[in-house]
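For reference, the structure is listed below as structure tokens.
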Amino acid sequence: MSDESASGSDPDLDPDVELEDAEEEEEEEEVAVEECDRDDEEDLLDDPSLEGMCGTEHAQLGEDGQQPPRCTSTTSSQSEPSEQLRRHQGKNLASEDPKKKRAQKPSHMRRNIRKLLREDQLEPVTKAAQQEELERRKRLEQQRKDYAAPIPTVPLEFLPEEIALRASDGPQLPPRVLAQEVICLDSSSGSEDEKSSRDEVIELSSGEEDTLHIVDSSESVSEDDEEEEKGGTHVNDVLNQRDALGRVLVNLNHPPEEENVFLAPQLARAVKPHQIGGIRFLYDNLVESLERFKTSSGFGCILAHSMGLGKTLQVISFIDVLFRHTPAKTVLAIVPVNTLQNWLAEFNMWLPPPEALPADNKPEEVQPRFFKVHILNDEHKTMASRAKVMADWVSEGGVLLMGYEMYRLLTLKKSFATGRPKKTKKRSHPVIIDLDEEDRQQEFRREFEKALCRPGPDVVICDEGHRIKNCQASTSQALKNIRSRRRVVLTGYPLQNNLIEYWCMVDFVRPDFLGTRQEFSNMFERPILNGQCIDSTPQDVRLMRYRSHVLHSLLEGFVQRRGHTVLKIHLPAKEENVILVRLSKIQRDLYTQFMDRFRDCGSSGWLGLNPLKAFCVCCKIWNHPDVLYEALQKESLANEQDLDVEELGSAGTSARCPPQGTKGKGEDSTLASSMGEATNSKFLQGVGFNPFQERGNNIVTYEWAKDLLTNYQTGVLENSPKMVLLFHLIEESVKLGDKILVFSQSLSTLALIEEFLGKREVPCPPGTEGQGAQKWVRNISYFRLDGSTPAFERERLINQFNDPSNLTTWLFLLSTRAGCLGVNLIGANRVVVFDASWNPCHDAQAVCRVYRYGQKKPCYIYRLVADYTLEKKIYDRQISKQGMSDRVVDDLNPMLNFTRKEVENLLHFVEKEPAPQVSLNVKGIKESVLQLACLKYPHLITKEPFEHESLLLNRKDHKLTKAEKKAAKKSYEEDKRTSVPYTRPSYAQYYPASDQSLTSIPAFSQRNWQPTLKGDEKPVASVRPVQSTPIPMMPRHVPLGGSVSSASSTNPSMNFPINYLQRAGVLVQKVVTTTDIVIPGLNSSTDVQARINAGESIHIIRGTKGTYIRTSDGRIFAVRATGKPKVPEDGRMAASGSQGPSCESTSNGRHSASSPKAPDPEGLARPVSPDSPEIISELQQYADVAAARESRQSSPSTNAALPGPPAQLMDSSAVPGTALGTEPRLGGHCLNSSLLVTGQPCGDRHPVLDLRGHKRKLATPPAAQESSRRRSRKGHLPAPVQPYEHGYPVSGGFAMPPVSLNHNLTTPFTSQAGENSLFMGSTPSYYQLSNLLADARLVFPVTTDPLVPAGPVSSSSTATSVTASNPSFMLNPSVPGILPSYSLPFSQPLLSEPRMFAPFPSPVLPSNLSRGMSIYPGYMSPHAGYPAGGLLRSQVPPFDSHEVAEVGFSSNDDEDKDDDVIEVTGK
């Protein structure tokens, strides 16, 4: 265990397996995955959900506000205009935040499904692929009718086992079934119902499914018939028989001009009925007929037979037929590297070369092969040796066997030239490049490409083809470069984690048949996932059953599925039990401490960012604390970082494998490999991995365990109940004379088992009682196999273990990944799966090492699962994934056992564990070893063991009737034909690094900050931007001289690292709210709104790329603002009285951070930030007048001008100098300026400005304010506001006269001394400030300045803060705006750049400009706080002509769809 993995793991996996899996584990970026196909996603998912159920995963294609899908449609209730608007908003969001995660709902909630594409909207290649398959099946059907094959009459010598098998298989099929197979090509025709002469009973159901049930009197008769149709073509084993002469005819129903194609005699004697069907299935898809093989490019197919059904034999038989009867010359077989030798041995056994046969061999008994089998394995280490093998294969023909990794290296240019990057020492001498060698390498590359890809072989065969689960992985890309369309995928588990992996595999053998990933996700993935869980709605369940059947029927022509039911009739019984194990005290303490740390850090630490490593650490805990203790002692090795962070960030789970020649890098490598299929996992998406996270956070640390393991005693078996039960199972099995296998993902766990074995004695098997006791000794009494075991050593160990005469070796320790493929261990009949794998197929493949042809004894499987831990959750997800596979691939109806929340909430932590049981009920346990374990160790088992398959029982009562199947297909066709096409831009999986400064805090170190979060807090990846109503929030008075850090850090309950953040360059400000703030949730009835109560202290955190509100209980909300200002019902527009940062400009009301800055020839001083000392100083000068303006607002005349509801401010208001509502697209760090001065250091010269809303009045205003109030009451009444329908979102405090750019803007402009400049003339109706903050002066009152001539106060709506300069399209410097009598269609701004509060005095504004210089006489002069209108020519920014075209209008119709929105991210 010297090579600890960087994730804190152990030498845990097999480098051999990792080498061949390296490219497979290169999962593509979530974004690419979503585009190319996974979307949600779910993404997932799905993870999860699922990894599989990620489903994920998959919100990219769905609209979260839509209605639940119905049985006949997956459309939403959104109207077309609504969808167009959302599409437009999606584009804006995508441009603003291309990495934003698309999934908005909590991962455990059901997804809504977009409308399906119309059939005519499908890609042309998709329609062509489906049409080709339809024509192929029609041709085959026509051949069956024209050249019907006779029913084989099987002689008795060929029938002994078949007769026995079928006798136990149930009732015989009716005679009419024996005629021939019939494939239904079109179910949309209504003629079938008319031709039916049978009576149909229409049953009106009042149950939860309000649909029409048609009960056909013949349905019950055809139940068995339906069973036979499930797996595709050639699955009726009654027809899959030898003829009277013992021959096997391959080309059934062939035209008379074609010859009969028979299997070789030795193969015909060996194949089983289901294998005959598989060979015929391969022939129909790849050859079809001898004539068409010469003229067509052929088709691909998937042979999806379960493990142990002899797929290798079927392929070898088909290859022999292919070479004998067709012009095919080359076949490429790409297989897992550790099965290469097995494939070669199978070829030599079933089709021996001529030289291997005796001289007196009779061809009618054994027919030798006439083609060569070439192999590329680890013996060919140089390019020259590989090129020689390749050249021999191309010239001589035959079969070439190679591993996946070898194929990837030889076909991808990037990997060929450089290989996997390796760390090299700095050379002290210059590097010499051999140009001749470079030329040779390039020549090799061209030859490889020609042989393998262009044109490539005639047929490609991919064993364990479920590796093609990611269309963006390099191996998948390399395989898709092959030009041959005759592609075969062999897999026992076509659907492992999620439907998208299934789609990737189908898309390889039949490109474009299921459409794009988006089309497939919409039509099948999300409807099927929505109905998978026990809390799905009845409509979800029904739609899921319908769509599962439709998908199964679509693929049955080229996907042949045969399950373990075939094995059950040939093999002894198999019993698979799950034992839920309790944690010991030290394990529970460690696990509790670990989960507490996770909940405290949320997604900010390495655990939240890298769930793989969290799983690895947990695996150390529940397997045995000694493993964790060993890792803690070697923590320096654990920090070597064996997971590629960049790869992990892009893929979600992909783990890099160590280069060849290095020892396996521990448990992380192992688990990462085993979890590599979790690309779509909602588990991974839900915790929100930040790809820009600092590298240090991705290093596993064990400091949290140091205290608990200070006085830990190693070598105590009882510290792990799992280990106690394991040794009980081993010893009791040996006593019964049974050999046993032990599978674990962790190499360090296998090493620990070896340590405990060395201290114990081998039990006495039957018949050896008199012999002396012996210790367990490796390679004598037990074997071990992992990825580091050489291929030749593997074969020796396996053969020796399976030898019946070997009575000394009773135990075989295997790593799950290395030992689950290409290993036949029928010498054992008991298996212990020590830890649950992420991918259910790995554990299932481990089981199939013993339960396969050749097994003579009953098999017993024991799965040990740590209860009340993450492992139990992973096991639950295995059941869900397997259930989905049964439903889609096998067309079964497994029971729904878990809610989606149970399945997807992997990090759920149960604090209270039930008390140990005194005894367990063992009446239902028949197996003696397990029964004894329950009697001996009831305190170590949480509940009675149960059968694994009991959770996957097929509910035959839920099977679709023929009428329902017909309805399912019709509804699918109708959905394709009638729904409106809709495409939505892709959203990236993760946020950009806007919160990098926050998440860079190492949360798992005792030396750093450990925030306190709520116990029930769960990480949430993102929340969909929602519409929100502005909510009032006024800052409370902060004591004079309080600084940001002191104000924020004086409250110990906050426990917030202010200094840490400030050193990182993050602005932190503490604010006390004076009114309740509701954080809007999603637009659905099930979401509960969060609330920030009045009087609560919150922190406003503004980094370089984002602004956040942190509440006192630790929740963090990200603030976003997009869209146009909202139009109130009364036609007025509310705007906050602040402005965006000075560095941002406005393009016709649209925020554009990239717009060119206006030149400042006079070098005007610009504020660095909105909260700069200059602005704060200016604000303090008006503290006296604030109360005066506030008091005056309470007069009746003032209130009359405020017809709207009380002022409401965006709940995102948090950081000074920003605005929501003034600029339709505002940056992430822009918040309302109402909090401008709160918490800022003010110095000693000026009192702190107390800014309050009209609900909080000063009890006794100062005398200065009283006098100001008396003066203000002499002002004029407000002028009525003129309606203005078409306007420009002018972000300024000045009225915009009629604009000549639009002929509709013809309202005459009249300037009256008493009119309010903000609401006069043709000001846009949606830009009136009175409704957003009531009267803007209540926030930042304006007073006369001694330097500026005062004018009469106009009204209660007098000028407030200027939000930004006029749009640049309105600032044409060629117009002489300072001429007294020259009429302009619009006013020029006072400043050439946005100022914080333009009404306040500025040295730029000359106080002695005459009123005659105004654009309109008297336009600006009557208003207090404004200088006379006019602007120096030099201050006008250059006219930006290209922005004129971006003018947009707003209407009241958009008020509920095109509003300022806040994106709230709860952490």
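Just so you know, glycine gets a Cβ as well, placed from its N, Cα and C.
Annotation source Swiss-Prot lists region 'Disordered' at 1-150 (among others).
What Swiss-Prot records for 11-49 (among others) is compositional bias 'Acidic residues'.
What Swiss-Prot lists as compositional bias 'Low complexity' is 72-82.
The annotation compositional bias 'Basic residues' is assigned in Swiss-Prot to 100-115.
The compositional bias 'Basic and acidic residues' annotation in Swiss-Prot covers 133-147 (among others).
The region 'Disordered' annotation in Swiss-Prot covers 186-234 (among others).
The annotation compositional bias 'Basic and acidic residues' is assigned in Swiss-Prot to 192-201 (among others).
Look at Swiss-Prot and you will find HIS305, SER306, MET307, GLY308, LEU309, GLY310, LYS311, THR312 tagged as ATP binding site, backed by sequence analysis. Here MET307 (ATP binding site) comes close to GLY492, TYR493, ALA844, GLN845, CYS848, ARG852: these same-chain residues lie at least six apart in sequence, with C-beta atoms under 8 angstroms from its C-beta.
Here Swiss-Prot flags 551-555 as motif 'LXXLL motif 1'.
Residues annotated as region 'Disordered' in Swiss-Prot: 649-673 (among others).
Sequence annotations record features per position, and here Swiss-Prot assigns domain 'Helicase C-terminal' to 728-896 based on sequence analysis.
Among the features that Swiss-Prot reports, region 'Disordered' is placed at 1120-1171 (among others).
If you look up Swiss-Prot, you'll see 1136-1155 marked as compositional bias 'Polar residues'.
Residues annotated as region 'Disordered' in Swiss-Prot: 1184-1221 (among others).
What Swiss-Prot records for 1247-1284 (among others) is region 'Disordered'.
The region 'Disordered' annotation in Swiss-Prot covers 1445-1467 (among others).
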C-beta crowding around THR312 (ATP binding site), within 10 angstroms: 20
Count of other CB atoms lying within 10 Å of the CB belonging to LYS311 (ATP binding site): 23
Cβ-Cβ neighbours of GLY308 (ATP binding site) (radius 10 Å): 24
Coarse DSSP state, helix versus strand versus coil, of HIS305 (ATP binding site): strand
Helix, strand and coil counts within the motif 'LXXLL motif 1' (551-555) (DSSP): 5 helix, 0 strand, 0 coil
Where LYS311 (ATP binding site) sits in the secondary structure, as DSSP reduces it to three classes: helix
For the binding-site residues SER306, LEU309, the one whose C-beta sees the most other C-beta atoms within 10 angstroms: LEU309
Under 8 Å by Cβ from HIS305 (ATP binding site), same chain, sequence gap 6 or more: HIS274, GLY278, LYS311, GLN314, LEU490, GLY492, GLN560, ARG561, ARG562
Average model confidence [pLDDT] within the motif 'LXXLL motif 1' (551-555): 82
Local Cβ density at GLY310 (ATP binding site) - other Cβ atoms counted within 10 Å: 20
